[in-house]
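Asks: Supplied in structure tokens, the structure appears directly below.
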Amino acid sequence: MSGSDAWTTIESDPGVFTELIEEMGVQGVQVEELYALDEELLMSLRPVYGLIFLFKWRQETDNRPTLNPEDTLGHIFFAQQVIPNACATQAILAILLNAGIKLGSTLSELKDFTSAFPPDLKGMAIGNSEQIRRVHNSFSPPQPIVPDEAKLAEKDDEVYHFISYIPIAGSLYELDGLKPGPIKLCDLDAKDEWLLKAAPHIQSRIERYAQSEIRFNLMAVIQNRKQVYSQQLAKLQQSSQSGEVHQPMDTDLAGGAASPADADSEMGRLMELIQQEDDKFRQWHEENVRRKHNYIPFVFNFLKLLAEKGRLQPLIDQAAASKPASFSHQEK
Amino acid sequence: MQSNGVQVLQEVRAGRLFKDASTLRADSRKGLIRVIEREDGLISFQWKERATVQPDCDPETDIITFPGDAIFIKIPNSSTRSFMLKFVEADRDLFFWMQEPRAEDDAIRAEQLSANINSYSPDHAGEGQEEEAMDTADQAQIAEASCTGATRASAEEQAGVQAAQLAAALRSIGMPAGMEQGESDVAQLLSAMQQRRQQLPGPSLSEVLKPEVLLPILQDPTILQILAEHLPEGQRTQQDLENLVTSAQFRHQLDVFSSALRSGQLDLSHFGLDSQGSSVLDFLIGIQERFSQADKQ
């Protein structure tokens, strides 16, 4: 299974996805995990390009009609999920390639090259993309300790499935790579907030799965928050310097700054948020460095050092006494 | 579904086939194959008649299967819906004919049966024993012996205790149909159990190298000095080292490594170790033997 063209499993973690997106050449996008379907929280994260709902998959009856992909060629990028281990990346691509944002060369080329393909060929093109596969696989431990994936799958033989929710050209869609085509959920008026229209659909899934105790995650693909806050901060600094009467911002800020004192506290709040984003990205980067580093030489040399210092025996005794493990495969 | 601590892993509607000289004769009764996981974590393969008034009648066949004992396969060169429980040991085979409506699913069911009778759930052995009602005093003895944490005995000692209790329980509930009862068979069971126990995977490195074990050790400053070159650039401070051993990413790599080791994909000779084994314990012992300096202390 571990051939040079295999896709490995990666963690479903916002830090992984954020760096994955960046390494595929897309700037200014990040992924946040949502632990509840909180409409206020969703609104505060705007602009949201799309939502990804992931859950442990099992057979379900779903008789909702799907659009004929031929009818939507050129408007909706819809690819079928061809490679199981790539499903996270495919769900992310489903959003990036439909969001109307600047894509960078790798993804722009992919989108153009496959624009006339049917969904299965689009899926295969993604699977065959060496660049995307290389970036995806980089988030798994490096060779030679990538085991036969089939063996790990035995122990935790549940498959995760990813569904993307995204507004495209005035309608809300559900994109599921295991279906033959996109599912249109509803039309969106100019004044509609698509997040609020998507929430009930996601909520009913959550309720359905919660009853069967199926675990799930919800992620939002959004504009880089530090960028958003920095822009807001810059505006505030500009207008307070020029002494203008400040306009309330039509964003998620609670009220608009209407006086110098308010402007100051608002700027303070934004700077704190920016600091939090910096801390979060630093933490994410640390974790990704660890994910990509092969620690076997470290472990071996550490154990060797302990043996030389006569400190290994207690660990051996402990290993001999403990009951057999159930290995946990770290995949959400 | 759980009842009395027993977990039904799989049920397949099937009838018996009996050897009659050189042929297999079908028993026309409607029956049920059931694979269960007992309270003590052992797997039982059972067959019982279906058309009885009481749903919970005792099975006619009730065999404990250890991993590696048997597989469930189609009978070679015979009619399509004939299957067998084929044992590694001679003269223990049992034969069945499928009574499920859809023949297309026979192959999958057989695979699942094979998987279930070869499974082993160490986590269940000893779990919830205190709450469940015991059918016999002997089963209670097995449960207590299996509870880990009650004793710091070595793995071998634990296996010995379990095997003795198991033998006693089997004697009391009666051996399954087709098996001779005798001391030598019990002795065989004991040694089979010992072997199984030794073949079992053992802990993952992530369990041996727990943070609470490692952090005190890492206070020794020479460790970072020597190991820094094996850490990624930019993560070579003492704080980084301590963050590492508590991180999920490190734990995951230890699990992946332990799994690869166990599956035989990693040859310990790659590490310059003599050990022939493939468990984490073998790995640690190999390192100890190669690098510990017996003349010091």
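Using N, Cα and C of the backbone, Cβ positions are placed for all residues, glycine too.
Per TrEMBL, domain 'UCH catalytic' is recorded for A:6-223. Per TrEMBL, the feature site 'Transition state stabilizer' maps to A:Q81. Positions annotated as active site, nucleophile by TrEMBL: A:C87. Sequence annotations record features per position, and here TrEMBL assigns active site, proton donor to A:H161. Residues annotated as site 'Important for enzyme activity' in TrEMBL: A:D176. Among the features that TrEMBL reports, region 'Disordered' is placed at A:239-262.
So that I understand the layout, could you describe where these features sit and how close they are to other parts?
Replies: The DSSP secondary structure for A:Q81 (site 'Transition state stabilizer') is coil. All protein chains included, A:Q81 (site 'Transition state stabilizer') registers 21 other Cβ atoms within 10 Å of its own Cβ.
There are 23 other Cβ atoms within 10 Å of the Cβ belonging to A:C87 (active site, nucleophile).
Secondary structure at A:H161 (active site, proton donor), as computed by DSSP, is strand.
Every protein chain shown contributes to the tally, and the Cβ of A:D176 (site 'Important for enzyme activity') ends up with 23 other Cβ atoms within 10 Å.
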Asks: Taking only the Cα atoms, work out how far A:Q81 (site 'Transition state stabilizer') lies from A:D176 (site 'Important for enzyme activity'), in Å, as a whole number.
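Replies: Counting only the Cα atoms, the answer is 8 Å.
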Asks: Test of understanding: give the count of other CB atoms lying within 10 angstroms of the CB of A:H161 (active site, proton donor).
Replies: 20
Asks: Take the C-alpha atoms of A:H161 (active site, proton donor) and A:C87 (active site, nucleophile) and report the distance between them in angstrom, rounded.
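Replies: Rounded to the nearest whole number, the Cα-Cα distance is 7 Å.
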Asks: What is the separation, in Å, between the Cα atoms of A:C87 (active site, nucleophile) and A:D176 (site 'Important for enzyme activity')?
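Replies: With the alpha carbons as reference points, the distance is 10 Å.
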Asks: Under DSSP, is A:C87 (active site, nucleophile) part of a helix or a strand, or is it coil?
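Replies: Going by the DSSP assignment, A:C87 (active site, nucleophile) falls within a helical segment, counted as helix.
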Asks: Report the mean pLDDT of the predicted model across the domain 'UCH catalytic' (A:6-223), rounded to a whole number.
Replies: 87
